[in-house]
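Working notes for the structure below.
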């Protein structure tokens, strides 16, 4: 094996695969969570739109909150991609760390999107019958959204460990 292709034990040639997998996991899973939240909430909005069209604008809050989840994944994916380079040694530690960053934010946003979708769908339908539920629904949506934010915070903390 030539000296050019030889790698040290801490930076094997396959290590960047894990970084790319983390980048992909961050985007795919967080966008999947955003899509689930948007679709489930959108079903409820479409359901009330036929009865009370004036409530549609106030009912878009779950859809907007679901879209923010994809931004969390995008931020982490961009940070991971910024650390990937074909010319520098990429350690196995960094590869696993970036994979865990992507999975952390991805699964957190996936679960958050599912929660937002469920609360958004049922909440919008019940809001049509009882407008006083609006504040409670928004609070539950905020607590559902913060699950994805927790995943992003942990991913950012993990990402800073690799660049030390």
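These residue numbers are counts, starting from 1, taken along the chain as shown.
Here the Cβ of each residue, glycine as well, is placed from N, Cα and C on the backbone.
Now, the feature entries from Swiss-Prot:
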SITE      145  site 'Essential for proton translocation'
TOPO_DOM  1-14  topological domain 'Vacuolar'
TOPO_DOM  38-59  topological domain 'Cytoplasmic'
TOPO_DOM  81-98  topological domain 'Vacuolar'
TOPO_DOM  121-132  topological domain 'Cytoplasmic'
TOPO_DOM  159-164  topological domain 'Vacuolar'
TRANSMEM  15-37  transmembrane segment
TRANSMEM  60-80  transmembrane segment
TRANSMEM  99-120  transmembrane segment
TRANSMEM  133-158  transmembrane segment
Nonlocal residues around residue 145 (site 'Essential for proton translocation'), in sequence order (Cβ under 8 Å, 6 or more apart): 65, 68, 69, 112, 116
Stretch of maximal Cβ-Cβ contact with the transmembrane segment (15-37) [cut-off: under 8 Å; candidates 60-80, 99-120, 133-158]: 99-120
Secondary structure content, the topological domain 'Cytoplasmic' (38-59) (per DSSP, counts of residues): 17 helix, 0 strand, 5 coil
Tertiary contacts of the topological domain 'Vacuolar' (81-98) (same chain, 6+ residues out, Cβ under 8 Å): 7-8, 10-12, 15-20, 22-23, 158-159, 161-163
Remote residues contacting the topological domain 'Cytoplasmic' (121-132) - C-beta distance under 8 A, at least 6 residues beyond either end: 40-41, 43-45, 47-48, 51-52, 55, 58-59, 62, 140-141
Close approaches to the topological domain 'Cytoplasmic' (38-59) from elsewhere in its chain (Cβ under 8 angstroms; 6 or more beyond its ends): 66-67, 113-114, 116-118, 120-125, 127-128, 134
